[in-house]
Amino acid sequence: MSGAGIPAGRSCPPTSFTGRPRWIWTSVHPEDLTHSTPLSICIMPGCSDALSLIEHSLVDGHYRIPLTKIKTMRETLREKNLLTNFLEKNTDGRSQNVARDPKLSLHPLRNYLDLAYVGNITIGTPPQQFKVLFDTGSGDLWVPSVYCYSPPCRTHKVFNPHLSTTFRLPGQPVDLIYGSGRVVGVLGCDTVRIGNLVDVVQPFALIRSQFGMQHAPFDGILGLGYPSLAIRGTTPIFDNLKRRGLISQPVFAFYLSTRKENGSMVMFGGLDHSYHKGEIQWIPVSRPHYWQITMNRITMNGLNLGCFRGCQAIVDTGTSLLVGPSRMITIIRRLIGARPVGHEYAVSCRYVSRLPTIVFTINGNNYPVPPEAYIRKSLRGLCLSSFAGGTENMSRSETWILGDVFLRLYFSVYDRGNNRVGLAPAV
């Protein structure tokens, strides 16, 4: 794909590329995970990881970006038969050190997302604002561009490089193909701002064609995975921030609220301990690619459900559900009495409180997920299961994905300096 029509200016330094495809997961409903392949990314050369330090500030060495909890389009459609705006952002003022709290712009939800958490960033000079999914399961940043005429681009904010005085165009083509759609574009570099953090010459993809994701609740994705997940030859935004000392510690953390009145939060450069209870338990990263850890076992009422000799788990803010091998998810659905309702699985709401707690044992510590967490009640009154199968498509070994269902219960810390994940009960 050429960069015709996009202002080139001074291009970013060239990089090398091997053409190796990579696989990541995104938030999908059970039907998408069961009947489609994982998200695959095959991308051409990127811009360099050059980074300069400009206008930035630290508040106690911490940066906190408010996130907004999203209401599902599926539930809205069931109630009103139309798309509505996202739930308004609410923050609880838990920490007096929280940075300025700009109100997030909200987008309609796509029906494959049960729950998503999005935050504002800006790209360019002067800044152009976008809503992105802060995703620990990928490594790249992308947003739609004004050169995209696909229907999904008309429902989202688009980046106009002509309006940015700091935009640079390496111009190499980018092609992202995954189970529920595809985005195609070119690589660019510009200034990216996350709250008070300012990252210049940051590579990102300008999307020119988009198939699917028309009603996704975000404009783009900001990946927070390891560099091996990113476009070959580029440096992910978090790595650029820590390399140049823009953050005081090479860590970030998520608090995902289950209550409307409490604001969700992603924080960079340190931790606000008012968002969790007790001590943070640290788990070594078993493979620095995803935020992947070793899990000991999974039980319900003392019955082993899987992970009999240990298995792998990916801690992923970009996945809404608890995802595992299809065979084991089928067993869990039978144990909780879940019956198919359309493309989902429902239980009797009268018996939710009697359902067993599922316990994930990680590094010798138990992390219970009660039925009130893994069963969600729709506006139609259905009590739906939040388990999905399909991880056998991404790995030969037994692998689970601990998505938002798990992460709403546990404050999660991602420590790149020590290659470890921290978990503690959320407040």
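Including glycine, each Cβ sits where the backbone N, Cα and C put it.
Per TrEMBL, the features are as follows:
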- D135: active site (ACT_SITE)
- D316: active site (ACT_SITE)
- C148-C153: disulfide bond (DISULFID)
- C307-C311: disulfide bond (DISULFID)
- C349-C383: disulfide bond (DISULFID)
- 117-424: domain 'Peptidase A1' (DOMAIN)
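Positions of TrEMBL features highlighted on the structure.
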residue : record         : contacts (Cβ under 8 Å, 6+ apart)
C148    : disulfide bond : V158, G185, I207, R208, S209, Q210
C153    : disulfide bond : P144, S145, I207, Q210
C307    : disulfide bond : M295, N296, R297, I298, E398, W400
C311    : disulfide bond : T294, M295, S397, E398, T399, W400
C349    : disulfide bond : K377, G381, L382, C383
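Separation of the C-alpha atoms of D316 (active site) and D135 (active site): 7 Å, rounded to the nearest whole number. Within 10 Å of the C-beta of D316 (active site) we count 26 further C-beta atoms, all protein chains included. Annotation: D135 carries the greatest number of neighbouring Cβ atoms among the recorded positions D135, C383 [cut-off 10 Å, Cβ to Cβ]. A mean pLDDT of 91 is what the model gives for the domain 'Peptidase A1' (117-424).
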